[in-house]
Amino acid sequence: MNGDEKSYDGQIVRTEAEKRLYIAITILGLGLILISVLFMIGEAFFINASLIEILSWQKRIVILLVRTITLAISASATALIFGFILAAAMRFWPAGQKVLFLLLLLAFPIPPYVHTAGWSLALQALGASGYGILVAWWCMTVSLLSFSALISYAILNSIDEEILEAAALGANGPHCLVQVILPLAMPLLVASFLFIFCLNLMDYTIPSLCQVNVYSLHLFADFSIFAQAGRTLLLSLPLFLAGLPLLLLAGRGMKKFGVTIRTGQRSELNLEWPASYKIAAGFSFLVFISVLGIPLVNLIIQVWTSGITVHLFNFGTSLAYSLIIAAFVAMLSVLIGYPVAVLISEYPRWGTILWPLLLLPWLIPASLNGAGWIAAAQTIPYFSGTSLLLILGELARFLSVAVLLIWGFYLRLDYEVVNAGRLFSPCWLYALWKVELPLLAPGILAGSLIVAALTLGELGTTILLVPPGFETLTLRIYNYMHYGAHDHVAAACLAMMILTMFLGWAAAVSLRISRAGN
């Protein structure tokens, strides 16, 4: 062992040079996240209009804000209820756990506009309107259903196994659920609801496609008119204040959640459930199957009957550019995300600071993130109007996803095995390459695949940062949806859906390999 190494209980022994490198990379990652916000704050001090003038509570703005919050709350609550029921089915009825987990990962990265296109086609085929606030509510619900189920499943797995086994001895399934499981899971479920609420609150993709005006769309329109990132930041304060509780809970909640991850895979619990609970679980499963099935079937039918299958190949340039951007973002996210995950895992006090900062991009509208990067690019020569600007903007948005997945895998490492490998290695780089990274490879691969899939379907930041002369597949689909070119939209959405589902399947395979290895 090198002389500058220091031993700690319950963590990997690292050299001082290695720690300094990880801290430097972490600071770089935080800089990427904060740079857009800092430049917007700087611009806010130099705008001509006053804060009171910008935030004047006109009746139209108040109605818009109330509608946005109501829509986000209703969609988030519905998604979390269905998601929790699916998660409970996976946790306590494990017969179909592997299949359901695979389906959830297939559905998770599907872009929101694909859900909207699929359900709109289905409703129009039935003679109903494919637009309106109810359609927007439903599409917002189903687009985050798989995410809410996955996060609820992680929460249920975080509950102490001994407490569950003791409760199962003296109670049936419903009593155990109401009296034991829900009270223990409630703090994290509340945090999950706040996060899902923020995702719905900040995104205008689905409401705009359903012809419903929301506050985040108002922010995008305001920036398009005035081109003042500082003004847009001040306008977004009501949305940021709505998501502030999540930011305050993030550090503590993730620290508490991380303590339970080390225990690994949970054992099966045999609980007796009445028919009503099984019916609720079956109904939730049917809803989830519709999330995958209805968009996929309707898009295939639309492409097949329109006779424009050949048009799938017309999106080749946009698709290739999208894949290049996604590949760079995924690669950089794991290169930066690994050192951040190490610091959070081995030094919990860092996590208290880092988790709120990592989640910050999710608490501001994606268009605001793009506006901030535009403000930053104006001060850096040869930076504005390049693909690098788009890559960095997407990286700032999705870095937390890579950190989260790598962090979850890192907490399950056998530190004694890694330390033993380091003891007999000539240097820490050799041990990192030969011992530590191979053990984390499934998590790193899954994180990069998920980040790539999310980058492919991202719209809010892309629409502002894509350089002139270039176009991502998502941007082309969004433009076609406003032109009413349904056949071309169906073809492009089908290609995007198949691609993101493939990336979700690859991530599931990676996670399954890791589970088998453990």
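Placed from the backbone N, Cα and C atoms, the Cβ positions cover glycine too.
Since we're looking at a predicted model, the values are computed, not measured.
What TrEMBL lists as domain 'ABC transmembrane type-1' is 65-250 (among others).
The feature domain 'ABC transmembrane type-1' is assigned by TrEMBL to 319-507 (among others).
Tertiary proximity for the transmembrane segment (21-41) is limited to same-chain residues at least six positions away from its ends with a CB under 8 Å from its CB atoms, namely 14, 229-230, 232-233, 335-337, 339-340, 342-343, 350, 354, 357-358, 360-361, 364, 368-369, 371-373, 375-376, 379, 392-393, 395-396, 399. If you look up TrEMBL, you'll see 21-41 (among others) marked as transmembrane segment.
TrEMBL lists 61-87 (among others) with the feature transmembrane segment. Using a Cβ-Cβ cut-off under 8 Å and counting only residues 6 or more beyond its ends in the same chain, the transmembrane segment (61-87) has close neighbours at 100, 104, 133, 136-137, 140-142, 144-153, 155-156, 189, 192-193, 196-197, 199-201, 207, 212-216, 218, 238-239, 242, 280-281, 284-285, 287-288.
Outside the transmembrane segment (99-122) by six or more residues, the chain places 86, 89-90, 130-131, 135, 138-140, 142-143, 145-147, 149-150, 153, 203, 205-206, 209-210, 285, 288-289, 291-292, 294-296, 298-299, 301-302, 450, 453-454, 456-459, 474, 477-478, 481, 486, 489-490, 493, 496-497, 500-501, 503-505, 507-508, 511 with a CB less than 8 A from a CB of the stretch. Under the heading transmembrane segment, TrEMBL lists 99-122 (among others).
Remote same-chain partners of the transmembrane segment (134-156), defined as residues 6 or more beyond its termini with a Cβ less than 8 Å from a stretch Cβ, comprise 71-72, 74-76, 78-80, 82-84, 86-88, 90-91, 101, 103-105, 107-108, 110, 112, 115-116, 119-120, 123, 181, 185, 188-189, 192, 195-196, 199-200, 206-207, 210, 212, 257, 287-288, 290-291. Feature annotation from TrEMBL assigns transmembrane segment to 134-156 (among others).
The transmembrane segment annotation in TrEMBL covers 177-202 (among others).
Here TrEMBL flags 233-254 (among others) as transmembrane segment.
Residues or ranges marked as transmembrane segment in TrEMBL: 275-301 (among others).
Per TrEMBL, transmembrane segment is recorded for 321-341 (among others). Counting only same-chain residues 6+ beyond the ends of the transmembrane segment (321-341), those with a CB under 8 A from a CB of the stretch are 21-23, 25-26, 28-29, 32, 354, 358, 387, 390-391, 394-395, 398-399, 401-403, 406-407, 410, 440, 444, 447-449, 451-453, 455-456, 470-474.
The transmembrane segment annotation in TrEMBL covers 353-376 (among others).
Taken from TrEMBL, the feature transmembrane segment applies to 388-410 (among others).
Outside the transmembrane segment (439-467) by six or more residues, the chain places 108-114, 203-205, 216, 220, 223, 322-323, 325-327, 329-331, 333-334, 337-338, 365-367, 369-371, 373-374, 385-387, 389-390, 393-394, 397-398, 401-402, 404-406, 408-410, 413-414, 417-418, 473-475, 478, 496, 499-500, 503-504, 506-507, 510-511, 513-514, 517 with a CB less than 8 A from a CB of the stretch. For 439-467 (among others), the entry in TrEMBL reads transmembrane segment.
Look at TrEMBL and you will find 488-508 (among others) tagged as transmembrane segment. Only residues 6 or more beyond the boundaries of the transmembrane segment (488-508), in the same chain, are considered here, and those with a CB under 8 A from a CB of the stretch are 101-102, 105-111, 113-114, 117-118, 121, 295-296, 298-300, 302-303, 306, 308-309, 311-312, 315, 319, 445-446, 449-450, 452-453, 456-457, 473-474, 476-477, 480-481.
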Residues from the same chain, set at least six apart from the ends of the transmembrane segment (353-376), whose C-beta lies under 8 A from its own: 26, 30, 33-37, 39-40, 42-43, 195, 198-199, 202-204, 216, 219-220, 223, 229-230, 232-233, 236, 239-240, 243-244, 246-248, 250-251, 254-255, 340, 343-344, 383-384, 389, 392-393, 396-397, 399-400, 403, 458-465
